[in-house]
Amino acid sequence: MVGPPGAGKGTQAQILASELSIPKVSTGDIFRANVSGGTELGQQAKAYMDRGDLVPDEVTNAMVRDRLAQEDARGGFLLDGFPRNVAQAETLNKILDDLGARLDVVLELRVDEEEVVKRLSGRRSCRNCGHAQHVVFDPPKTDGVCDSCGGELFQREDDKEETIRHRLDVYREQTAPLVQFYESEGILVTIAAVGDVKDVTARAQAALGRAS
Ligand code: AP5
Ligand code: ZN
């Protein structure tokens, strides 16, 4: 999946991966788990993430290579948040070649920047399962508690308005060129990622059905 921060990649990836019975591989979630766990990888990534910059490619690519080699990814996987620039996309092609796998489809979620700022400034993320809710668009049943698992909801360090704006600049400069990259590989499908979550899911499923 490709799309700006706040496009709903994590939200949709969770639903689609569970329906397809394949693991969701979210580089942002893996980094955040490592930051909370205080691992060396987490220490390498934290400062970049807090500023809204990309973690260096060597670190990210090695992590993805390891993750995709795991047993549960053999029957397929859904990537959320990777690749994030053309160099990562080229490395991904090599990783997939080595695994004897290939990308079937790249789903682009399109949404405008003002909507993104509204979504991210109101987002509350679960410390336990990573599920994202929203103070207005998807308010938790109990204040501060994840509807999905009962874990504690918190505001991500990079969800402050100034950092959100910087992440959007990074997206425009480094990640948006991937749309062209995958269009030229003939595997890009684009949907509007606005409206109800379930309507976006239905659009994604229809687009994936047409592409496969
Ligand atoms: P990452 O975690 O990947 O963040 P991101 O791409 O900025 O995406 P977000 O998680 O912010 O948004 P999302 O599109 O998943 O939206 P969500 O579903 O939560 O990356 C974080 C950092 O990690 C990066 O800045 C970087 O430092 C590092 N990193 C990660 N991958 C990397 C890589 N490959 N290379 C280098 N560094 C990397 O939804 C957002 C909100 O909107 C939620 O509150 C949700 O409830 C709400 N919402 C969702 N859908 C709708 C809807 N249809 N209508 C209304 N509200 C909605
Ligand atoms: Zn949870």
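Glycine is no exception: its Cβ is also placed from the backbone N, Cα and C atoms.
Site annotation (TrEMBL): AMP is bound by Thr27, Arg32, Asp53, Leu54, Val55, Gly81, Phe82, Pro83, Arg84, Gln88, Arg156, and the candidate from Arg74, Arg165, Arg167 recorded at this site is Arg167. According to TrEMBL, Gly6, Ala7, Gly8, Lys9, Gly10, Thr11, Gly195 bind ATP; the candidate from Arg123, Arg124 that the record adds to this site is Arg123. Taken residue by residue with DSSP, Gly6 (ATP binding site) is part of neither helix nor strand, so it is coil. Over all protein chains present, the Cβ of Val55 (AMP binding site) has 19 other Cβ atoms lying within 10 Å.
Listed in sequence order, the residues of the same chain lying 6 or more apart from Ala7 (ATP binding site) and placing their CB within less than 8 Å of its CB are Leu109, Arg110, Val111, Val116, Ala193. Contact annotation for binding-site residues (Lys9, Thr27, Arg84, Cys129, Cys146) versus ligand 2: Cys129, Cys146, each with CB under 6 Å from a ligand atom.
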